[in-house]
Every structure is written in structure tokens, then in C-alpha cells.
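J.: According to TrEMBL, the protein carries these features:
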DOMAIN    7-326  domain 'G-protein coupled receptors family 1 profile'
TRANSMEM  26-48  transmembrane segment
TRANSMEM  68-86  transmembrane segment
TRANSMEM  107-127  transmembrane segment
TRANSMEM  156-178  transmembrane segment
TRANSMEM  274-297  transmembrane segment
TRANSMEM  309-329  transmembrane segment
Amino acid sequence: MLVGIPGNIITIVALARYEKIRNATAIFIMNLSCSDLLFCCFNLPLAASTFHRRAWVHGHLLCKMFPLTRYALVANSLFTVLSITINRYVMIAHPKLYTKLYKKRNIIIMIVFTWMFSFGIMIPILLEKYGRFGLDLNIGSCSILNDYKNRSPKKFLFLTAFILPCIAIILCYTRIFFIVRKATKKSLNTHKQVPNQEESSSADLSTSISVRVTGETSCNYSDRSTTFNMEMSDNIIRHPEDIGKEPSRLRRTALRKSMALLKMSLPSRKDRRLGTMIIAIMITFCLCHLPITIIKMLREINPYPVPNIIAYILLYLSSSINPVIYVVMSNEYRKAYKNLFKRRKNSLSINKIHCNPK
């Protein structure tokens, strides 16, 4: 709580105020921070109290709300990470579609959908149609229990809100990897071809130019040389001293444009760092949430309390660790934090001047 609450609040405010990174990814990160903040404010205090007292003492209503919000917020966090991953995939694989798809209105719809779906899948459990929320006497805390027909929705939730999003994330990053590798190979091949193309082009063009100037004709011109002659004959005749310079200059310009287009198809250094940060968030999420999920599904096989306690510690750590990842792995996000504190410092200085006029 000491790290999670201030860390997530600072992240939300810093990203909202820093205009240089006000994009779709930043909005999704703010949504993830909102989910973590709610978890820290509501679930962590109740969990800490339960661990301290070794019993649930917060009443029947909170006993239903505690597992509902915990599972829903965890699902929302994972769906938000999935949204960020899809955002990166569309940006790299379908750049023309990106600007149409990720408009402000569409981003808001996506975020609203993640919240509605995350809490919507909890409604049957809340209504006790498929499982129920209640006090689990085996662990002394409130969780999802079997309903009166002895049915449990835990495997369904594990599949819907964990396995399927994880598979989608893995597929997206696999596809991104192959797209980037293909573009990188193409860029390297173009680099290797540049010297040979310049030499052959210069030779063909110089031959073509000399023929045009002397008035001779030949059938051995390349199409590229002939086209150049038709478009540039006036310049060649008027400026014979530039005959050797113009072809190579034009060729270099065309090659530079070609290389620029290839580089645009590759992720920038900033994009690569952001992608690495998102992967780190995903790995951390899995490491923090997978143990408790497996233990709850296999509780009868593994009744020992120590793994259960460790799994809960990892679960509650997950809502506080993301701000640390942002600071460590993203230079842009560090700038956003610095910008926020700089504004705060300037504001305090101005207030001090107004309060103490000379």
C-alpha cells in the first residue's frame, strides 16, 4: 500500500499532464494504474486486516465485495495488458489501420468494454447462479465458493480471464517478432545492395549521357538510362560540367528515400523500449497471479499453508510493482514523472513568492 497507492496516483497524474506521450499506450497504462489503485485502496487493507486478525471481521456485504473486486480488477488488468499488446501489434503490422482504429472515441470504448466485461463475468457468481461469494473457512477469508449444486466457476474464470488473454498476447508478440525480423533482414539486404547499385547506375547513366551529347544512337541502353535522358536532356545539354554529378546525386537521393521508408517500417528505439516494458509488465503479472490461481485450483492436492501465503504475497505485490517498472524501463515515463515534480516545485516557489512579497 505504501508504494502502490502513491505510485499509481503519481503515474496517472504524470501521464495525464505530460503531452509528449499522450497516446493510446499511455491511456491504457493509466487505465492499468487505475485498476491497480483501486486494488490497493480496497482489497489490500481488507487483506492485511484478515492476515493480522487471522479471521474475517468485516461483515457479510464486504465478504461478497472483496472477492468480486479482486477477481474483476485482476481480469481488468490482464485485459488492459492485452489491449496494449494489440495496440503494438496493429501499429507494427497494420500502420494504415492504426490511425483509424485508435482514435480517442474508440480508445474510450475499448477501456469501457474491459471494465464492463471484467465485472460482467462476475454477475452470475454474485447472483449465485454459477458459484457464489462467501467465507472460505479453510483459509479464513472470503473467496469464490461452490454453489448449492456443488459447481465452481474457477476453472471457467481461469480459462476466460487468464489463459485466453495470455495466449492472445503470446501470439501477438510472436507475430511482431517475425514482422520486425523480416523488415530488419530487408533493411540489411538493401544496405548491401546500395554500393553495387550506385556503381552500375553511374556507369549506365554516363554511357547514356555521352551518347545523347554526341548524337549517336544505340540499342543497348537500359530503360532506366533512357528515361533519365528523356527527362533530363535539357539540363545535360545546358550544363555539361554536371554530367558526372547529377546521375549519382539523383540515385543517392532515391536510395536515401528507399532506406527511409524501410526504417519507418521498423520500430524506433523508443518503441523497442516500450515493447520491452510491456513484456516485463506481462511477465510480472503472470509471476504474481499464476501461483495463487494454481494453488486455489489444486487446493485439495496441496494443503500446505506456506505456498498459499507466498502466493498471496505475490498477488498483493502485483498492484504495487508496475510503477517501479515504468520508472526503471521507460525513459519517456521518467521524463513524465520529472515533469510532474518540476511543475510542483515551480508552483510551490510561485506560492512562496506571493506569500512573502518584498
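Here the Cβ of each residue, glycine as well, is placed from N, Cα and C on the backbone.
Relative to the rest of the structure, where do these features sit?
T.: Within the chain carrying the transmembrane segment (26-48), a Cβ under 8 angstroms from the stretch's Cβ atoms is held by residues 1, 4-5, 8-9, 11-12, 15-16, 58, 62, 65-66, 69-70, 73-74, 76-77, 80-81, 83-84, 87, 107, 111, 114, 141, 281, 312, 316, 318-320, 322-323, 326, all 6 or more beyond its ends.
Panel annotation: around the transmembrane segment (107-127), residues 24, 27-28, 31, 64, 68, 71-73, 75-76, 79-80, 83, 133, 144, 153, 157, 160-161 of the same chain, lying at least six beyond its termini, place a Cβ under 8 Å from a Cβ of the stretch.
Nonlocal intrachain contacts for the transmembrane segment (274-297), taken as residues 6+ away from its ends with a CB within less than 8 angstroms of a stretch CB, comprise 25, 32, 74, 77-78, 81, 84-85, 88, 143, 154-155, 158, 162, 166, 169, 173, 176, 267, 307-308, 310-312, 314-315, 317-318, 321-322, 325-326, 329-330, 332.
Within the same chain, residues 1, 3-4, 7-8, 10-11, 29, 32-33, 36-37, 39-40, 43-44, 47, 51, 77, 273, 276-277, 280-281, 284-285, 287-289, 291-292, 295, 337 sit at least 6 positions outside the transmembrane segment (309-329) and bring their C-beta atoms closer than 8 Å to a C-beta of that stretch.
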J.: Which whole number is the mean pLDDT over the domain 'G-protein coupled receptors family 1 profile' (7-326)?
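T.: So the average pLDDT across the domain 'G-protein coupled receptors family 1 profile' (7-326) works out to 77.
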